[in-house]
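So that you can see what the record holds, here are the features copied from TrEMBL:
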TRANSMEM  12-31  transmembrane segment
TRANSMEM  74-91  transmembrane segment
TRANSMEM  103-123  transmembrane segment
TRANSMEM  130-150  transmembrane segment
TRANSMEM  162-183  transmembrane segment
TRANSMEM  204-225  transmembrane segment
TRANSMEM  251-279  transmembrane segment
TRANSMEM  291-314  transmembrane segment
TRANSMEM  320-338  transmembrane segment
């Protein structure tokens with residue numbers, strides 16, 4: 001039962017997370033090799049939204065940088081961060097294991113292996129959009145493979161599903177290493193850059209499509225918050241509470257796989273977001289999935305946008321893969337929390 005004090009506490013934290021996301025977003029729009037002042041950014045956004053017929057903004061350098069590069073990148077960072085965090089919440093609740101993340105189940109491995117095949121085959125130069133399509137196809141292919149290997153008699157057993165995902169992940173990693181050993185200089189660089197993650201996609205129609213799919217998936221996941229709360233208690237207890245356990249597990253697995261697959265297809269492999277963000281929210285604030293899901297989505301979006309800002313400015317004009325930054329920052333934060341033991345991770 002939710003008390004009024006708990007609801008107020010949740011709302012307060014959600015407001016803080018929204019403000020954090022807005023603040024990091026404006027910093028992301030302002031800072032870069034070419035700095036755009038806050039007033040200029042707000043002015044350009046207002047003109048674009050309200051008076052776009054009167055101002056040929058595309059002819060000004062600041063507008064081109066803002067609308068052609070930084071805003072698409074910002075949107076992609078937000079939705080990918082939210083998707084990976086939400087998928088992490090779903091899988092950790094479903095498996096009752098705080099160490100499970102979207103990449104544990106081989107989803108990203110399948111995507112990376114497929115992209116590696118495309119790059120080594122020389123198809124990436126012929127068809128510019130084939131890499132995200134290959135990434136998505138590989139992620140879905142890995143999901144289907146894990147599902148059919150792990151399912152038995154129409155049932156999904158959690159230990160078998162987890163073990164199958166780990167095996168598929170190892171097989172994918174071996175295939176990636178084989179492809180990297182066969183790849184030439186440019187091909188090797190392309191594979192390495194993709195599997196370390198980046199947010200360089202600027203095709204707005206593609207980003208909008210990805211965003212709509214991810215936002216729909218996150219919204220559907222909210223509808224299963226009570227089911228996740230029940231599954232955390234155990235499958236037997238969830239059944240006693242009226243949850244159709246097998247049906248719910250299948251839907252949640254497909255939902256988490258879809259969120260991860262779409263995110264990976266757009267940004268490459270970005271680790272640690274789906275593992276760390278749910279941990280932070282669950283340990284510091286609350287473990288109830290009715291709050292955990294939206295809060296993790298907001299914090300995941302902020303974290304990835306912030307990591308991307310660091311990745312493209314720390315050694316400007318060169319750019320680091322954002323997955324490197326998420327791994328370093330996430331690892332440091334995670335180790336600090338565990339060592340200090342100021343929070344107790346709970347379900």
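A Cβ is built for glycine as well, from the same backbone N, Cα and C atoms used for every other residue.
Quantities reported herein were computed from a predicted structural model and do not represent experimental measurements.
Most Cβ pairs under 8 Å with the transmembrane segment (251-279) belong to 74-91, among the candidate stretches 12-31, 74-91, 103-123, 162-183, 320-338. For the transmembrane segment (74-91), the residues of the chain that approach it from at least six positions outside its boundaries are 21, 25, 28-29, 100-102, 104-105, 199, 201, 207, 210-211, 214-215, 217-218, 221, 224, 228, 252, 255-257, 259-260, 262-263, 266-267, 270, 273-275, 277-278, 289, 292-293, 296-305, 308, 322, judged by C-beta separation under 8 angstroms. Listed as Cβ neighbours of the transmembrane segment (204-225) (distance under 8 Å, sequence separation of 6 or more from its ends, same chain) are residues 72, 75-76, 79-80, 82-83, 86, 89-90, 129, 132, 248, 251-252, 255, 258-259, 262-263, 265-266, 288-290, 292-294, 297. Against the transmembrane segment (103-123), the recorded stretches 12-31, 130-150, 291-314, 320-338 differ in Cβ pairs under 8 Å, and the greatest number is found for 130-150. Sequence-distant contacts of the transmembrane segment (291-314), counting only residues of its own chain at least 6 positions beyond either end whose CB sits under 8 Å from a CB of the stretch, comprise 10, 13-14, 17-18, 20-21, 24-25, 27-28, 31-33, 73-74, 77-86, 88-89, 199, 218, 221-222, 225, 270, 273-274, 276-278, 280-282, 285, 320-322, 324-326, 329.
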